[in-house]
Amino acid sequence: MWPAGAGTKLPCPRDSALRRAAFSGNLTALPSHLVPAGRSVRVFISANPEDTGAERQALRETVYPKLREFCRENYGLEFQVIDLYWGIEEDEWDSPELQKMRMKLLEECLKTSAGPCFVGLLGEKYGNIRIPGEVEASEFEMILDAAVEAKLETKLLEDWYCRDENSVPAAYYLRPRLEVPRSNKNSTQPSASSEQERPWQEISDEIKTIFKAAVKLLHEQGKMKQSQAKRYLFSAIEDEFDFALGKQTPAFLKKCVCYIRKIANIERFVKIPEMGKYMDITGTDPRIVRDPEAQEKLIKLRDEFIPTIVASSNLRVYTSVTHCDMKLGYSQEIENHYIEGLGKQFYEDMIDIIQATVQQNFDTETDTLYDEILQHSSLCKTYASFYEYKCESLNILHKYILPSKTGHINPLVVYGGPCTGKTLLLAEVAKKAYGWLHEDTGPDSDPVVIVRFLGTTDMSIDLRTLLLSVCEQLAVNYRCLVQSFPKKIHDLRDLFINLLNESSLQRPLVIILDALEQLSEADEARKLWWLPAHLPRFVRIILSTLPNKHGILQKLRCLIHEEDNYIELIPRDRKMCSQVLKHQLLRVKRKVTSGQQIYVNNAFSKCTLPMFVNLTFREVRHWRSHKDVDESSLCVTVHESIEQLFWSLEKKCGQKLVSRALGYITMAKMGLSEMELEDVLALDNSVMNELNENTRPSNPLRVPYLYIARLKEGLNGYLIERHVKNVTLLVWANRHLQLIAQKLYLQEDSNLREMHTILADYFLGVWSGGRRKAFCLEDPYLNGCLDLENRSLLEEEKHFMEQASFDRQAPDQPWVFQCNPLEPDIFFVNHRKMSELLYHLTRCGKTDDLLYGIIMNFSWLYTMIKIGQFDKVLADIELAYNYSQEKELKFLASTLRSIRNKVIAFPGSLSAELQQRLLPVVSSLPKLRHLLLECDKDGPKYCSIVPLHSSMDVTYSPERLPLASSHLHVTEILPTCNPSTVLTALENGSISTWDVETRQLLRQITTAQSVILGMKLSSDEKYLVVATTNNTLLIYDNVNSCLLSEVEIKGTKHGSGSTYINGFTLSVNHALAWLEASKDVTVIDLLYGWPLYQFHCWYEVTCVQCSLDGVYAFCGQYLNNTTIFHLGSGEKICTVTSEFSGGFVKFLLILDTAQEMVMVDSEGSLSVWNTEDISNPQLTEDFDCRKEDSEVVSIELSEDQSAILICKALSIELLDTGMWKVAEKFRARHNERFVSAVLSKNGDCIIATMENTPAVFFWRRDTGQCLASLQESSGTIVKLVKSSHHNMLLSLSTSGVLSIWDIDIITAMSNIDKTGKPIQSLVLPARGEIIYSLDGSDCVHKWNFSSGFIEAVFKHEGIVEHCVLTSTGDLMVTSDDKSSQYVWHTSSGENLFRINGQRISQLLITHNDQFVVSLCEENASRVWRLATGHRVCNILTTLQNAFITSANTFVVGMTKSKVLAVSLWTGSITKKFCCEDGITIVNFKLIPDCPDVIVFITSAETVNLWSLTDEVICRRVQLPSNFLKNLEDFEISPNGKLGIISRGDENINVLDLHSGKLRVVHASGVIWRQRLSRDGRYLVYICFRNGEEEEENDAISSLIVMRLADGKNIGACSLYKTPTFLALSQRHLNIIVGFDDGSIGIYTVVDRVDAALKIKIATSNSRQIFNNATQTSRPKSNSYSFKVSVDCLWRESTEVFARDSPITVSDSSESNEATPSKKHNSCYDRVCAALESRSHSYTPDN
């Protein structure tokens, strides 16, 4: 629980004592189940199976799942019900084995359940007496004699009971009923089934009758005691009630419940056949009566025994009396009514008992060290319980542990082969060490014993975590204050040595490390450099290892030289093994006969390992004296014996169930709990098919618990329990068992994948919440139906089974179990899901579930960070990335690293921090959408601020790979279809394949010392072709890096011999190469690696290009000639010549879609040829560029072939191939030259590099705007290479460093609009979602609230100073420093009219949008009509900080010492308040909900409430002395009750204006701005970080929302730019922040006290951006300009309208209602329409 839930409740003394015992290693003081809160709630159901079937089925279907959910959510524990009768066949109810198992499990539940443990369901049926499974020989013979005496036939007993001399003493046992076929009451053949059952029914009834009569006779004769007779005369239910309730304390009985159902006058209905299952009957039809003897026993149990218990304790007992239907008896309807009531009462009782008895245990949740210690302690107790050998080794270890007076001490080493008992020996030592030391050093001593079974927990695999956990345990035990544990491994080792020296005579120390070979190689742990060879006097270290693993024993011998410090565990001799076996058998009252002993001795002569002895014991304990035993009865190796054990289990429980159960336990990362095993097997259709072989399945489809119990019993001691984080897991006791289970059950890949999928689905919660999983029954059940008379019924059955789906009752799997929805930080972590899900998803190939179920799941991220597992988060993301190669994961990991410190300190801020960083890039990284939506859904639980639009500049650095000391050594770079793999060629002849992310060299080829001229990959990346200075082409198999062939390129016979390969290219199946100054092109077959023929051209070849289909080759030559050849035949088709034939063909481009060829010559001229008729190409376009003095650097055809990018030294041109004209042209700045340019994959961006510039530039192709300029820290970029597979770019710098840039991320980074200047003011309309910003320039920018992009720019003549909007936002009035005012139509961008004449100090607009108030400092202020521009009145008084009252009657402002209310109709001062002499007004505000009350603060440090109506001070509040010295701002709540005052410090001052009390709330930093929400519930403020706070992230300030009701900060969000303006919207609590770079951030507040949780986040348009995949970049903004001509000129008291003004010219003295002229009526209409729209769209708001 976090952050301090556990701290709110002091731990009880028992817990503290348990904790102390665990930390000091006093294992005998720990309870058997170890987990402080109990391992689970386990409830045993005691009932007669016949009459409670419906109740138990209903409880299982509806009540148990709810109780399980309750326990998981509130206590982090499992709720398990043990009902062994459920799901098994009727003929097994009487089984002695089942009854024995029931009593054993009942005892377990009573001992180990953390809460309720026993529920009795008792009806009118007493139940059958039991058939004994085994009877001592003397007792059995006495019963036989008594039966003969009673004249009973005893042949049946003699036939069914067999004498067994292997029992001690000898006994008779009931033979197995193998001859009785398995059947079930639900079978589709009831009559046949009954016939099958009859013989056994009769036999069992007769056996019971004989036992009953004989035992009664013996009891009457005094030959048998009552306690003995009970075995034969009592029913199972009485035994269970007596055992559970008979001798218990009142405190214990609080955990038990009994439900008694009485049926009134049941005897009357005895003849109704269906009533036989509700009571005991005797006799045959028609003389059927209720069994009086059974009724007597029932009354004794129900009406005497239970009431006696109730009288002495608080046992809960509920009795209900049911009345039968007169005709039908105990009908279905009556039973259903009873069951409904029982279900409700059962649920309430269980909840009551759980809440009263189970403690919420958060210790292991918050304390990983405590959990680690408990895990090893529980393993230690388990292993010690299996220790059998009392050997000399134990005495040596005992002697070693005791303190010695002299001599130096070394660690002691125990070694031996597998299965020699090293772990059990060390566990026994660890268990006894505390007691030995305590006994030796006296009662006042307090020894410390630390035990670790290496490799069994996450913290005991690596040396670093092992040393850390041991050091932490030492520090706690020896009360050493360690400020922080070292990060470096050598420092950690030094700390470990120092802590060893803390031991003393009173506090000796023993450290036991089992299985050193299990340590990982990390930090060179296996070299044992960390192990101290010499120990302090009171320290003992005991180690164990295998002798031949990793050379550990050899290294130990180099470290510790004394032979006395080594104990070798060698196999025992045969005699000792026989002795041990004999003792083990006697403990369970068994032995072997002398004849059988021969075969035992024979087995022990082959193997005497302790584990073999134990496995042999498992086998021989089941031998019977009359059964034949031979050499094959016992295996002779451990391996074979384990296999034999598993096979015997398969016979008992079913092959599929055992193989899958053991398979799941083996493949689970940490093991499985018992309930998880049940759940997972229920989801496995192959297991359920086996279990439902002869029955029709029904809901819920589960594995009967009996099979799980048999499995556990059969593997007792081998499948052990281990406690991890409040959960008890089943794990293998040793690695040998695990290896054999793996070999037998986890070999087939298809099975493995299916099982991993089932486990992954389980931990994902795919089938939870009642979701039904399809189940198709296999043939055996249907085959059993073949003798049905009606064939159509069989078809119906088949159809039913094909369509059937069943609830498997899998539990929900949230990441955390929430105790209280209103306290989201109090929770139990679902550690099982945390540890298992990722493991199974990566092994079953469910990539989407891996991404969206874990990594992109906000709840997982938040929980992991909250519990301190930040580094594990990064490791898991890296694992998922390696598995899926999704670049979103890489970006998420770098994002998390950048906010590490912030979210570790304040995990609640995670959602806001992620949203700020992910929103700008989500259009380019679409898989992050899921995480953003998760943040929207779950983030507001922890942080109420939700960013709607983020303007954060995302930092990005490419992957870098140093290739050589200089770019001159790098010959070629090739990207591949794998985004992280590149091929590089160096001039020294080496070709390397690199993984750029890991900087790992994957493969390398050396080209035999020849210099590489170039290399190319075939389109399918099958072949790598390399050109060398030896004039050879080397063709390699790219996958295996092996040379396939080497082809020499030859020129013409008359050519000079010293020429090199000038160039080469690849087509689909061919390579084409040509030499310098050669007219021939050699064509090579790639598949066979030999030259086919040579193309002979007219002139020297300069470039070659092939068509996409690989049919034609185009050879460019000198004098601008191009010859076309057929690649298949070598035929020359034609030659074309450009008109500008002075130079040579430098580039050729083939446009397959348009059937065109483009020739670009050395001077940049370009010609386009139509190749539809390949034999006669036609010239269609010609561009003469010879006048330009700029050479062509590179050329590229866009992927869709719609544009050609031509990069020249001084310019970049984009040629539209549709119209063949230059679409865009970008010129380099003065003294700058382009080195290279390419198009992004989608063609939206141009990427270029400049000469001598260490940066990559990104331009938007449509606007020419520079989106980003990214610095390359490794030096000037000399080469750009674009990937044809991914939107990636490779750049090579002068220093020989290769960088890989992700263009998607860079495009997204630049997807933020900025005005370029600091935002000075933000204006929001009362309605609508548009934002207007002023930034000290001549523009007003109109922002789209939803997208955060600039929609329009309104240009003015001067710098814009003021801006106001009508309430709908349709009209905008602005003023600039050139004394002009403008009225704009915001939708069309039209400047409707312009007024000149006076510089405005403040603009106001009335609430009804009819009038504008233009306040001036130097001249008269004016009120004018917005629709016409006509003056209403002049205001002669200068006003500051003015407001218009809500009734639109007054404009209220202040002067130095007065508050004035001026009439909007006359301009005269109607009301005023004057301060006393020398006192000035500092600030004032209107109260929104009280429009006639004004609040102002004076220099006398008083806050005054002044009534405008009465012109009196209503209330005056005196502030503390010097309070206003640094007044920054103050806000008034809408109801006028609170005033919020900020003084530029770290305090928020909340003033209660009614009581005058001042409350100070500490803020997170120095407050810069504050704003009160419109409803007065929240205060939004921005504060700057304290200087002493050390955070690695670049946050400058924080945006914080405080809920005024409780003063709690409900949200905080870092701001990474300097804020310049803060605004809140009126309608919703939306926050808009303007920044110094001209960008804006938009946030909203979602407080959970809001009923609807502001669903607007998910539905808001800002979220539609990333739901709309097509929108990847910001749209172009519209630009609107001001009117040059002035429509109206203001003079001192008059207006002069221009002749062409849209406003009617009229005298100011005329009526205010002016009529517009006909000429300009349209403009007037537009203004009026804009004003009218408010009444159509919204309700009027005065």
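Every residue, even glycine, has its Cβ placed from backbone N, Cα and C.
Quick look at what Swiss-Prot annotates:
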- 410-737: domain 'NACHT' (DOMAIN)
- 677-698: repeat 'LRR 2' (REPEAT)
- 724-747: repeat 'LRR 3' (REPEAT)
- 925-953: repeat 'LRR 5' (REPEAT)
- 963-1004: repeat 'WD 1' (REPEAT)
- 1007-1046: repeat 'WD 2' (REPEAT)
- 1140-1179: repeat 'WD 3' (REPEAT)
- 1229-1271: repeat 'WD 4' (REPEAT)
- 1272-1311: repeat 'WD 5' (REPEAT)
- 1396-1434: repeat 'WD 8' (REPEAT)
- 1476-1516: repeat 'WD 9' (REPEAT)
- 1522-1561: repeat 'WD 10' (REPEAT)
- 1614-1653: repeat 'WD 11' (REPEAT)
- 1702-1721: region 'Disordered' (REGION)
- 1703-1715: compositional bias 'Polar residues' (COMPBIAS)
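Of the two recorded stretches, the repeat 'WD 1' (963-1004) lies close to the repeat 'WD 5' (1272-1311), with three or more CB pairs under 8 Å once pairs fewer than 6 apart in sequence are set aside. Here the repeat 'WD 2' (1007-1046) has long-range neighbours at 971-972, 974, 976-977, 983, 985-991, 993, 1059-1061, 1063-1066, 1068, 1071, 1073, 1075, 1084, 1086, 1088-1090, meaning same-chain residues at least 6 beyond its ends whose C-beta is under 8 angstroms from one of its own. When each of 925-953, 1396-1434, 1476-1516, 1614-1653 is checked for Cβ pairs under 8 Å to the repeat 'WD 5' (1272-1311), 925-953 comes out on top. Of the candidate ranges 925-953, 1396-1434, 1476-1516, 925-953 contributes the most Cβ pairs within a distance under 8 Å of the repeat 'WD 11' (1614-1653). Mean pLDDT of the predicted structure over the repeat 'WD 2' (1007-1046): 87. Broken down by DSSP into helix, strand and coil, the repeat 'WD 11' (1614-1653) contains 0 helix, 20 strand, 20 coil. DSSP places the residues of the repeat 'WD 9' (1476-1516) in helix, strand and coil in these numbers: 0 helix, 27 strand, 14 coil.
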